[in-house]
Amino acid sequence: MRPILLQGHERSITQIKYNREGDLLFTVAKDPIVNVWYSVNGERLGTYMGHTGAVWCVDADWDTKHVLTGSADNSCRLWDCETGKQLALLKTNSAVRTCGFDFGGNIIMFSTDKQMGYQCFVSFFDLRDPSQIDNNEPYMKIPCNDSKITSAVWGPLGECIIAGHESGELNQYSAKSGEVLVNVKEHSRQINDIQLSREMTMFVTASKDNTAKLFDSTTLEHQKTFRTEPPRELAALSPNYEHVVVGGGQEAMDVTTTSTRIGKFEARFFHLAFEEEFGRVKGHFGPINSVAFHPDGKSYSSGGEDGYVRIHYFDPQYFEFEFEAREAGSPSG
C-alpha cells in the first residue's frame, strides 16, 4: 500500500475532511492555510487564504458549495468552495475549536475555546438570514460553563449536535432549544475526535484515556471499546466494512527523542464487532493528528504532526480479508 504524499502545509496537520462524494479532500493545520486537493491523484486544487492563525477545523456542506473553517485567530469563516472567495467572517472572543454544517447546509455551528477569561460557547447561525451574518448575531448561543468542548459534530437529521468535552463527557444539545438532551461520561479524559458512521446511526470517539469507543447516535448508549497502548486521539469508521481506524501516538513534545517504533505512530485497524486489532499502517514521522475514510471505503487519509497528509489506497487483500473470531477457550495458536 504505497501512499500519495500531500505536502501543502508548513506546520502540523490539525484536521482533514472529505466532501460527501469524496473527490475532494480538505486539509487544515497549525498554519493559516486551508488547502483542497483532488483525492484521486493528490493534486492541489486550491488554497483558501485569509486566516492569520492556526486553523483548527474545516467542513464542507452537502453539495460542496461552501466551506467552513475555524481558527485560533478568533474567527470562523465561510468560503465559496469553487472560487475560494470569503463569503462571511464571524469574529469571536476566543479560538474556534470545532465547526460544521447541518444536513441541509443552511445552519452552521461552531464552538469556541475557554481562554483569556472567556467561557466556551456553541453558536448557531442560519445562513438563510443575512442579518445574523452581517450583525454577527447567532440565533442561539449555548454556554458551556463546566468543561470546554474539544470535538463536536451534527447529529442525525440536524436535530442536535453531539459534543465531546475536555472532562471526557459526551453531550447532545438540541439545535432548536439549546437544552442538553442526553449526557454521558464514558471517557475519563479529554475527547479529541468524534466521527459519525455513514448512516449517522452511530459514531466513534477517541480520547486521551487510551480508548476509542462506539456509541449510538440517538441515545448515546455505549456499544464497543477499542483499547490501545499510547493515547489514541482520533478514530474513523469505514463506510463499507465493520472496521475502525484509530491513530495518535506519543505526545509531540516527546517525539524528538523517540523512534517511530516506540512512539506507536502507526494507524491501527480494529474490527467493529469483535474489538480486535487486525492491521497497522506505518508512515508518519510523529503522531497522527487526523484520519478520515474515503466515502467509498476504498482508501483512507491521515494527517500528521510532520505536516504531511497521506492518502492510502487499500490493496486487493484488504477487500478479500475475512475476520474470524476465536471462540472463548479455543487455542490461540
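Using N, Cα and C of the backbone, Cβ positions are placed for all residues, glycine too.
According to Swiss-Prot:
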type	residues	note
REPEAT	8-47	repeat 'WD 1'
REPEAT	50-91	repeat 'WD 2'
REPEAT	144-183	repeat 'WD 3'
REPEAT	186-225	repeat 'WD 4'
MOD_RES	T219	phosphothreonine
MOD_RES	K264	N6-acetyllysine
CROSSLNK	K282	ubiquitin cross-link
REPEAT	283-324	repeat 'WD 5'
MOD_RES	Y308	phosphotyrosine
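Cβ atoms under 8 Å from those of the repeat 'WD 2' (50-91) belong to residues 11, 14-15, 17, 19-21, 24, 26-34, 36, 97-101, 103-105, 108, 110, 123, 125, 127, 133, 136 of the same chain, restricted to positions at least 6 beyond its ends. With a cut-off of 8 Å on Cβ pairs spaced 6 or more residues apart, the repeat 'WD 1' (8-47) and the repeat 'WD 4' (186-225) reach fewer than 3 such pairs and are scored as not touching. Within its own chain, the repeat 'WD 3' (144-183) has Cβ neighbours under 8 Å at 97-98, 100-104, 107, 109, 111, 113-114, 119-122, 124, 189-196, 200-201, 203, 205, 207, 209, 215, 217-220, counting only residues six or more beyond its boundaries. Neighbour counts of Cβ atoms within 10 Å were compared for the recorded positions T219, K282, Y308, and the top value is held by Y308. Look at the repeat 'WD 4' (186-225): DSSP puts its residues at 0 helix, 22 strand, 18 coil. For the repeat 'WD 4' (186-225), same-chain residues at least 6 beyond its ends with a Cβ under 8 Å from one of its own Cβ atoms are 150-153, 155-157, 162-170, 172, 231-237, 239, 244, 246, 248, 270, 272-273, 275, 290, 292, 295. In the three-state DSSP classification, K282 (ubiquitin cross-link) falls within coil. For the residue listed as 'phosphothreonine' paired with K282 (ubiquitin cross-link), the C-alpha to C-alpha distance reads 35 Å. Under DSSP, residues within the repeat 'WD 2' (50-91) fall into helix, strand and coil as 0 helix, 24 strand, 18 coil.
For the pair formed by Y308 (phosphotyrosine) and K282 (ubiquitin cross-link), distance between Cα atoms is given as 13 Å, rounded to the nearest Å. Looking only at the repeat 'WD 5' (283-324), the predicted model's pLDDT averages out at 89. Within the repeat 'WD 1' (8-47), the DSSP-based counts of helix, strand and coil residues read 0 helix, 21 strand, 19 coil.
DSSP places the residues of the repeat 'WD 3' (144-183) in helix, strand and coil in these numbers: 3 helix, 22 strand, 15 coil.
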